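Undergrad: Before we start, here is the structure in question, set down as structure tokens.
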Amino acid sequence: MTKPFSVVLASLLAITSTVSPLASAQQSQPLDRIAAIVDEDVVLQSELDRAVRNVKSQYAGRENQLPPDDVLQRQVLERLVLVKLQVSRADGNGIRVSDEELNRAIASIAQQNGTTVDGLRQKLAADGMGYADFRASVRDEIIVQRLRQSFAQSRISVSEGEVDTALAQQAATGSQYHLAHILIGLPEGANAEQIATGQKKVDGVKALIDKGELDFSAAAVRYSDSPNALEGGDLGWRSLDEIPNAFAQLIRDMQPGQVAGPLRGPSGFQLLKLVEMRDANAGGEKKMVTEYHARHILVRIGDNQTEAQAKAKIDTIRARIVGGADFQATAKESSEDTNSRGQGGDLGWFPADAFGPDFGKQVESLTDGAVSEPFRTQAGWHIVQRVGSRQTDVSAENQRAQVRETIGRRKLEEEYNRYLQELRGEAYVSYRTGDRADDNATAAPAKSPDPAAPSPPPAKPTR
């Protein structure tokens with residue numbers, strides 16, 4: 001399912017852009033300096049300061065759930081480093097965002113926030129952020145999204161057998177689970193000392209939670225190495241097919257509010273919290289859609305055929321059919337759609353939006369047996385003949401599609417997190433924040449303080 005652009009961009013823009021009431025509080029800034037060197041790129045101190053302010057603005061009224069400023073700064077800086085690394089890798093893979101695409105994206109963001117692009121610019125200026133910086137943030141987010149999509153297309157697959165198994169599990173349990181997690185990361189091929197350090201740290205975090213000194217979300221913000229740490233480790237609602245098999249059986253036996261772990265996973269040690277449960281089948285009902293059976297003839301536009309030539313050709317073809325020529329025979333002879341020409345242009349049964357909105361509108365407007373006027377799509381010039389229509393229950397089909405998507409999303413999350421660890425491990429990263437504990441650290445992500453012997457937080461956080 002495609003999310004609204006404002007939602008898709010939210011995670012990164014929360015870090016890299018402002019639109020924050022705190023931003024305007026800093027009216028004057030010292031001369032900018034480098035906060036981190038990331039291979040051949042840099043993170044500027046102004047970027048880091050802006051990102052930290054935005055995280056704090058999201059926790060307004062819940063400040064006691066945030067870690068100390070030095071820890072928060074490290075977490076945010078590490079996330080900015082990962083963004084830089086992904087953008088660099090995307091550039092190496094030829095992933096680009098044109099100015100036109102960027103303009104459309106920003107216009108969409110403005111519209112979904114109830115304003116115009118000019119209004120958005122004014123809001124950004126009032127909050128202390130330059131429009132050029134905002135454009136760069138949006139461009140980076142689109143690039144990261146495309147890198148992730150490219151990764152999914154090349155490395156993630158879901159078999160029909162996996163879908164069948166997941167559907168059987170869903171039928172057996174009928175439940176969905178709202179989960180949160182804390183990850184104490186381990187590098188790939190971790191040695192015994194690194195594993196022991198990770199085990200000590202995760203045991204310390206679990207002890208803090210068990211004693212009530214930190215609630216789970218606050219502990220996630222403070223200690224988790226997961227990309228969603230600053231969201232309290234919230235994983236949202238998951239069905240069992242979205243949960244790694246090693247954890248699925250544990251979750252079945254848990255009650256809301258319980259915390260399981262430490263558990264060893266591919267990326268390190270994890271603590272898993274079951275926040276709440278719900279019936280996945282509640283409100284289930286048939287979903288009926290109109291499907292159409294149609295044939296079409298396509299004349300393409302290209303180097304060997306101009307727009308005018310293609311239009312003249314499709315007009316001639318339609319005139320022949322209206323004059324009595326058989327549509328299927330004419331399609332076999334004249335259509336330039338190689339996928340359907342051999343079947344006389346037959347497209348089978350399909351929902352109206354299957355071939356794009358323009359094609360769908362033409363099919364919907366026809367009566368059975370009628371032939372459309374020539375119309376243009378990105379593919380070229382068409383005529384279409386509607387053969388029939390029917391009402392179809394697509395509940396089972398939709399359910400399979402949803403399950404396939406959730407399995408793919410879970411696989412992508414696991415694999416992409418490992419991919420990010422690889423990127424980070426291969427990179428030259430040097431922090432220049434002025435903190436001796438962090439500066440000049442290279443090729444290994446910054447970690448939060450070891451909680452094995454933690455000092456108590458300033459105040460007990462609330463949920």
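Heads up, the Cβ atoms here are built off N, Cα and C, so glycines get one too.
Remember, it's a predicted structure, so these values are computed and weren't measured experimentally.
From Swiss-Prot, here are the annotated features:
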COMPBIAS  441-450  compositional bias 'Low complexity'
COMPBIAS  451-463  compositional bias 'Pro residues'
DOMAIN    174-276  domain 'PpiC 1'
DOMAIN    289-388  domain 'PpiC 2'
REGION    329-348  region 'Disordered'
REGION    431-463  region 'Disordered'
SIGNAL    1-25  signal peptide
Undergrad: Average pLDDT across the domain 'PpiC 2' (289-388)?
TA: 94
Undergrad: Is it possible to list how many residues within the region 'Disordered' (329-348) are helical, extended or coil according to DSSP?
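TA: Once the DSSP states are binned, the region 'Disordered' (329-348) shows 9 helix, 3 strand, 8 coil.
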Undergrad: Let's see if you can do this one: DSSP helix, strand and coil counts over the domain 'PpiC 1' (174-276), in that order.
TA: 42 helix, 33 strand, 28 coil
